[in-house]
Structures are given as C-alpha cells and as structure tokens.
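Chemist: Pasting a structure here, questions to come.
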Amino acid sequence: VLIYSIDDKSSSTVLVSLYAVKLIKCVMMLQLPLVVTAQVDLVLLLVSLLALWTRLSRLSYPNAVVFDEVYYGQFVSLYMKRVFFIDDSGPPLGHLILAFGAYLGGFDGNFVWNRIGAEYPSSVSVWSLRLLPALCGALCVPLVYLLTLELRFSHLSALGAALLLLLENSLIVQSRFMLLESVLIFFVLLAFFSYLRFHNTPSSCFRYGWLILSGASCAAAVGVKYMGVFSYLLLLGVASLHTWNLIGDRGLSVCVQCVCRVVCLLVVPVLLYVFWFYVHLSLLHRSGPHDQLMSSAFQASLEGGLSRITQGQPLEVAYGSQVTLRSSASQPVPCWLHSHKANYPIRYENGRGSSHQQQVTCYPFKDVNNWWIIKDPGRQELVVSSPPRPVRHGDVIQLVHGMTSRFLNSHDVAAPMSPHAQEVSGYIDFNVSMPTQNLWRVDISNREAESESWKTILSDVRLVHVNTSAVLRMTGVSLPDWGFRQLEVVADKLFKAQSSSLDWTVEEHRYGTSQEQKEREAELHSPTHIDVNRKISFWAKFLEVQWKMLTVKQEDSEHKYSSSPLEWITMETNIAYWLHSSTNAQIHLIGNPVSWGVANLSLLAYQLLAAVYLLRRRRGFKDLPDGVWSQFVCLGCVCVGGWVVNFVPFFLMEKTLFLYHYLPALCYLHLLSPALLEHTHTHLLRYVHTHTHTHTHTHCILSLSC
C-alpha cells in the first residue's frame, strides 16, 4: 500500500495519472481477438415465438366491433379528436395505450362505436387498434417463464407455467381485441418479475434498475385499471418483509437500502401516476359530452362549450351583477337556481298550506329565467356602479330575479317536498301579515382570506338567510306537475344539511347596465363576450378528475352475460363476444376446463400443505430446510396472495361483473401449479421415499443382530 503526501494543487493531477496507469494496464491485459459469448434460452425463445403467433396471427379477424371494443373505442375516438372525457372504471393510461395503437395506424377518430358487430370501414386499421393489447398478452408468456425462475424453481416448472398461459384460450381471446385485461396482467407480472430479479441479484449498482422498473410497472398497472392497486399493495408487503429481514444484517447500510426502496416503490409510482393524468389532460383540451360532470371552472378551461359562454366574463361579482347560480350538488346533471311566473299551490296534496308565493326551483337547462341580479340592500340601483363595488365574504345582499323582479325570500313556512326545511320563494306582497325576509349573507367556503371578493366560477358560495340562519340548498327532490317536475330548493339549517348541497357557483356573469325592466329583459337575452382568458392549474384539474373518477359512478344495468365471482371458479359462465350475422361464426370467452381444474386443485393443495407444514413446525418438526421453506413461503405470498387480492375484492363490489375480471387472478394460479408440483416431487415425495428406505434398512440391521 503506497501512501502519497500531496498538496491540494497537485492532488487532481496525481489521481488522473493513477487512473491512466490503471487503464493502460487493463488494455495490456486484453488479448486479441476480442470475443463476446452469449447464452440463449431456446425454450424461452420458442414459447415467446408461439405466444406471438397465437396472439398476433390474423389479428384483424373479425373485421367488426367485438364486445367491449364498443366501449373503449369511444374513448379512442375522443383522444384522436382531443375531446375531454372521464371514465369512472379506471385511470387514463390504458386508454392512452389503446389510443397510441390507433395513432400508429393512422386512425382519425371518425368511426361511430354504436353497436357490437358493426363492420369496420377499410379506412380503419383494425390490426393497429388491437396490436398493443395482443403484444402485451404475448409477452405475458415469457414473463411467467422468467418469474418462475426468479422464484427459484427449475426450467421445467417455468416451461409448465408458460405452457399453461400459452394454451389458456380465455387469455388468447382477451388478448386479441382492443381490451385492457392483457395490458393489466402484463404490467403486474413485469412488476413482480423486476422486483424478484432485484431481490435475487447480488449487490451492485445496476440491480436498482430492476427496482425502478418494478415501481414503474406498478404505476402502470394502477394506471391501466384500479384493480392493479391490490397487486401493488401485495408487492409492497413482500418488499416490506424483505426490508425487515435486511435490518438485522449489520453488514449493510440499512438507511440507504430503505431509502432506495421507498424512492423506487413509493415515490416513482406516485410521480408516474400523476404523469399519466398530465398527459391525459394535456391531450384532451376540447369540450365534450362529459363536461357536465365537472365543475364550472373546469369546463371553462376547455376549448368550446362553456368556455365560449364564460370566456371574458368579469372576474369579481359586484353589486348590480347579473349572474346564474349553479348548484355544486347537481351531479352529474347540472342545475341552476331558477324562478318563473308560477306560484306554489295554496294547499298541497296532503292538505298542508303554502305561502302561495312565486316558485323558486333548480332547473337543469339553460334558460333566461336562471338570471339573478345582485342588489345592495341599502340602494335601489340594479346596475353596476363605476367603478364596480365587489361583493365580499360576509356581505349581506339581496337577489332579484331578472325576468320577474321578485326578491329571493325565505320564511317560516314548510317547504313543499321537505317539510323539515323552510320554503324558498320569490316574494309577493299579498298584504296578509307576511313580511319580506329577503336578506342573504355571502359565505365563501373556499376563500383564502376573510375579505376575499366573490369570484366568477372560482368561488364556492353559501347563501345564509339572515333572519333564520338557514342555508340555501337544492334537495334533489322533483316537484309534482304544478312545479313542472323541476328540483326543489329549500333553506335548511347548516347543521342539518349536507355540505355538498350547500355551495353555489356563479357560472355566467355580466355587469348590468339597464335599470328599466324592459331594457333589462332585453339585456338578459343578449350574450356578452369580452376577450379575457382565465385558466385553472393542472393540480386543480388533477384533483377534480381524480375525485370524480372515485365518486361519480355510472348507473350499472343488468347484463345477460354478467356473472358472480363464485361462477368464475367453477367456470359456469362465458361471454359471447361476437356473432357473424350470416355464417353464424362465433367468438366466446370461455376458459380451458383442464387448466382451470388444475389451478383450483393447486390452490387447495397449497393451502392444505401449508397448514400441515405450519402445524408440524409448531410441534418442532422441520420437514424442510430453511432455504426451501423460504422458497415455499415466497411462492405462497406471490401466487396465492396474488390470487386472493385479485379475486376477493370483487365480492365487495356492486358493479356489473364479467368472467374476464377473473383472468388476472387466474394467471397467479397458473404460475402456482407447476411450481407446487415440483416442490411436491422434490421434497415431499423424496422425503417419504427416504423415510421408508431408512426404516427398511434399520429393520434389516436389527434382524441380523438378532
């Protein structure tokens, strides 16, 4: 060992020289010619080619829409046209992958996905639409082969698992169409394979590339369908156990190991998950049919639709402003505060009396009767002053109906459909000792400061009745025929009302300039437009889209091919994907009875065997060496655990279920079957044979001794 004493100025020169000498020595040690050797697993290559052949051959057949292609195809068309949509069944990555395949084939989105069996025109490349799901389905076969090897089982077991997936006709059918199950299965298998490769690889810097790939695959699985979350949680559980075991090794830097795992398996997936939405929202910038699910602020940020109406509106609501108020609880159908020239009936059907004043409702259509004027109680003017005086949080206002000039009023009279709440009306003085109570306090629920002004679209406002402290809200109950089946609006106590139904948003807004009624009516009928652009941030969009996907559910209807989870295990169900109109040729999604039976037996056998092992180990009998026992436990965590997390949650779901929902869980059982067979042959049967041979040999020795 040479120890150099050098000053700071010459240290870099000496180090460079040392590295140069090292490099020269390494070059001198090389012998010509340079030869690179590579090992090729011919079995892996063969099963990969067979998988590509079974999934990609004649991919354009049939040249017609097959089952759920009618559903996913609509989203692909919207991507091609950059039209915003939201799908409550899952995040956008799966749709992005399908849209990318359509883009590669030059699809322009001009195809109406209106029915199953509709023929694709010659301008649509059916092969490219189905290419990426088929490719993912084909790659699942070699992935299962490699995953079996990472579980420390033999190449023969890996071949068995690959053949089970290769010959599983339900997986073949599902992979050959524009559907997402094969994509989900691919990313889940890739995540587990990458993590086990990282875990089994000796310590080196390059092994963390596998860990990053595992985290990215987890994010992709969740980004395709929310069911990927359960496999992701399972992988985190396995990784946590491995990390816990590392803590006991004093030869490792535990902090570095933990930080790397947290970054790769938690931070990277979260960042990628957000990135899928960033791409999704960046592409879809035009207004579309799903706008009504979103808030007014979100709609106004899209090109066309509401933005054409709201673009350039004054930002701050002022005294004299003409506004339309949309209920935040009116989802998925929008609804605006409304009044018209019709009164509540003197008596309702149940005999209760009313105020007989002008009806105030919530109307789900754009209408001139949705306009209201913000009035200062201390002034008579209904126009905006110069400069405008903005309305702020805590101000007391009056709301005047634009077309009838009635004041928004509430009083101690029971509402028509919700008698526990107060009636809301347009005040009419019938001279019957019912004084006006038309003062409302502005409460901005999402304000950042106490003196914040009321903003168009951005502010969520609660209108609190000054006299009774009740809050204006929509109940969602339809009025009878006398109320034209419009939705009821009441004033309810704050502690009794749900928070989601309390907020109102100013959607359309203009500064009023006409004091006379006739001129004002003409003004309300005419649109205003000022060229000012106002957008919301990506994070606001992301959080709103995420919340809508998790909370807004489409109505599920009964389907003749729907099934229950118990029917999947016994394969008592199938799905008719396609039927030719003239030749009666059919495509059905149905499992392979032999492989499904083997899978079920393997699942049962593993559980029984694990129970026996655990009981005997508890009694002090270790039938398996520690290494083999760890291998057996890891097999159960990945395969049996994977089956459980992808099957049991469906019992808790209220959505319509189909046979293809079982395919991710089935893949884990196909991975389990050959590995369990090898374990039984290698350890269980050999143990029995050895035990019998030892017993016979001992008996012979005792006989000779006698």
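Cβ atoms here come from the backbone N, Cα and C positions, even for glycine.
So TrEMBL lists the following for this protein:
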type: DOMAIN; residues: 314-377; note: domain 'MIR'
type: DOMAIN; residues: 388-445; note: domain 'MIR'
type: DOMAIN; residues: 452-509; note: domain 'MIR'
type: TRANSMEM; residues: 32-53; note: transmembrane segment
type: TRANSMEM; residues: 131-149; note: transmembrane segment
type: TRANSMEM; residues: 156-173; note: transmembrane segment
type: TRANSMEM; residues: 179-198; note: transmembrane segment
type: TRANSMEM; residues: 229-247; note: transmembrane segment
type: TRANSMEM; residues: 259-279; note: transmembrane segment
type: TRANSMEM; residues: 594-615; note: transmembrane segment
type: TRANSMEM; residues: 627-652; note: transmembrane segment
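Structural setting of the listed features?
Modeler: Note on the domain 'MIR' (388-445): its mean pLDDT in the predicted model is 89.
Remote same-chain residues near the transmembrane segment (131-149) are listed as 43-44, 47-48, 50-52, 54-56, 59, 97-98, 100-101, 104-105, 155, 157-159, 161-162, 164-166, 171-172, 174-180, 182-183, 185-187, 189-190, 192-193, 196, 667, 670-671, 674-675 (criterion: CB distance under 8 Å, separation of at least six residues from the stretch ends).
Residues 67-69, 72, 90, 94, 97-98, 132-134, 136-137, 139-140, 143-144, 146-147, 150-151, 171, 207-208, 210-211, 213-215, 217-218, 220-221, 224-225, 227-228, 231-232, 235, 238-239, 638, 642, 660, 663-664, 667 of the same chain sit 6 or more residues outside the transmembrane segment (179-198) yet have a Cβ under 8 Å from a Cβ within it.
Same-chain residues lying 6+ beyond the ends of the transmembrane segment (229-247) with a Cβ under 8 Å from its Cβ atoms: 188, 191-192, 195, 199, 214, 218, 221-222, 254, 257-258, 261, 265-266, 269, 634, 637-638, 641-642, 645-646, 649, 664.
Proximity of distant same-chain residues to the transmembrane segment (259-279), defined by a Cβ-Cβ separation under 8 Å and at least 6 residues beyond the stretch ends, is recorded for 91-93, 96, 208, 211-212, 214-216, 218-220, 222-223, 232, 235-236, 239, 243, 538, 542, 545-546.
Sequence-remote contacts of a segment are chain residues at least 6 beyond its ends whose Cβ falls under 8 Å from one of its Cβ atoms, and for the transmembrane segment (594-615) they are 164, 167-168, 569, 571, 623-624, 629, 632, 635-636, 639-640, 643, 666, 669-670, 672-673, 676-677, 680, 684.
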